[in-house]
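S.K.: According to Swiss-Prot:
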- CYS14, CYS50, CYS88: [4Fe-4S] cluster 1 binding site (BINDING)
- CYS166, CYS170, CYS173: [4Fe-4S] cluster 2 binding site (BINDING)
- 5-125: domain 'MTTase N-terminal' (DOMAIN)
- 152-384: domain 'Radical SAM core' (DOMAIN)
- 387-459: domain 'TRAM' (DOMAIN)
Amino acid sequence: MAPPRKLHIKSYGCQMNVYDAQRMVDVLAPEGFVETATVDDADLVILNTCHIREKASEKVYSELGRLRLARDEAASSGRRMQIAVAGCVAQAEGEEIVRRAPVVDVVVGPQSYHHLPQLLARADQAGRALETEFPVEDKFGFLPQPRPETIRARGISAFVTVQEGCDKFCTFCVVPYTRGAEVSRPVSAIIDDVKRLADNGVREITLIGQNVNAYHGEGPDSRAWTLGRLLRRLAAVPGIVRLRYSTSHPNDVDDELIEAHRDLDALMPFVHLPVQSGSDPILAAMNRKHTAADYRRVIDRFRAVRPQIAFSSDFIVGFPGETEADFAATLALVTQIGYAGAYSFKYSPRPGTPAADMQEMVPAAVMDERLERLQQLIDSQQSAFNKAAIGQTVDVLFERAGRKPGQIVGRTAYLQPAHVFPGPMFLGPGMAPDSLVGQILPVRVDSLERYSLLGELAAKPPQHARPLAATGA
């Protein structure tokens, strides 16, 4: 039997890329590849790229320069290293990648990575292989299922892609061009995926998509299902105790999604709902198709049915034409909503998008100053949200052993990391702290450490608790 080949994947960007990287591992496992944590001993290196932020492609070319040196070093010891560029930069740049970086063997877009084995074989024969067209077939129908031991090794939380692409065409965004039009997976395929994950120890599922609440997959009744209806079905899967979804668009929040948050205990009271700006003129220039008031009404609808719900968001400062009054409207919106956290970025033009051709660019110094002011406000809100947990008892889903001996780490319903030292009084004879992995237990929060909650167990775990790896659950 041939020895296994080593695979190293460096993934950039969004949750979708994390999921895609895992599926690339699944695609290549039948070809004899196993993951390695470093480039040094890799036979194949894949850069799974993101094209959302400024200079994304230049970062890839810089990394390829470093990989050229690693490849030369491997060759000097008689070992061949193949290099592939996948993801959205691959989709956007295509042949330009191999022109600028001849070290690359394979270029593959995000809708075609199920063809990686064939592309690697083609590169062996022809020197390189490119595939950046949107394929006719649905890649999900060709992706192999991960092995049970692989699922267990990935932990108790898992991403499941339910939708890809976007039809919104925000003027700053490349996603419609790199990921294509909105496509939703069938309900039956998603249910099968979630059941398989639950059978192998997964307790928390995050449904992901570029515009996840635009989900409209075909259900077993041959009708299109909404995300809310899908969540209701998945909440009934045995073993799944927490459900999340990301990323959402305000315009696609419908009654069924609101009602799902009202009715489903498993659906976490934490929603990432990007707004980008609080200024109506800027929202119009971004082609967001909603106003700041529309966004506030959506927030109010969630809070009306689930008062404890919290939100995070995305913001862009310095969009072309943004005035101080526009920026003040963003600060006002953030103040009014009150976020548990948010991501803020300076505008950067993405080639091929309408905003890249807009005039009235905001000076870099002004963008820097606005970003700092916005981030200070967001940080203060996040700090206040976390401090409010001190003295409270919160439910924590434990995920893994901590870095410190005797420590266990999990997350709250709001994705706050929680660090606990259970101690012998909370553990049975012979039980290690990681025997709590996969359980939801009450934690009394005593203090904070940066963004993490520190506390103690407020109740003893069940006597039958055992590590998931031991049960094979």
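In case you wondered, yes, glycine gets a Cβ from its N, Cα and C as well.
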S.K.: Quick check for the class: what is the C-alpha distance, in angstrom and rounded, between CYS14 ([4Fe-4S] cluster 1 binding site) and CYS170 ([4Fe-4S] cluster 2 binding site)?
M.R.: 18
S.K.: What is the pLDDT of the domain 'Radical SAM core' (152-384) when averaged and given as a whole number?
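M.R.: Within the domain 'Radical SAM core' (152-384), the model's average pLDDT equals 97.
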S.K.: Sorry to bug you, but what's the C-alpha spacing from CYS88 ([4Fe-4S] cluster 1 binding site) to CYS173 ([4Fe-4S] cluster 2 binding site), rounded to the closest Å?
M.R.: 12
S.K.: Pick out which of the binding-site residues CYS50, CYS88, CYS170, CYS173 has the most other Cβ atoms within 10 Å of its own Cβ.
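M.R.: The residue with the most neighbouring Cβ atoms within 10 Å is CYS88.
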S.K.: Determine the most Cβ-crowded residue among the binding-site residues CYS14, CYS166, using a 10 Å radius around each Cβ and all protein chains in the structure.
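M.R.: Per the Cβ count within 10 Å, the most buried is CYS166.
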S.K.: Can you grab the distance from CYS170 ([4Fe-4S] cluster 2 binding site) over to CYS50 ([4Fe-4S] cluster 1 binding site)? Cα atoms, rounded to a whole Å.
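M.R.: So the alpha carbons of CYS170 ([4Fe-4S] cluster 2 binding site) and CYS50 ([4Fe-4S] cluster 1 binding site) sit roughly 17 Å from each other.
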S.K.: In Å, rounded, how far does the Cα of CYS166 ([4Fe-4S] cluster 2 binding site) sit from the Cα of CYS88 ([4Fe-4S] cluster 1 binding site)?
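M.R.: CYS166 ([4Fe-4S] cluster 2 binding site) and CYS88 ([4Fe-4S] cluster 1 binding site) have their Cα atoms 14 Å apart.
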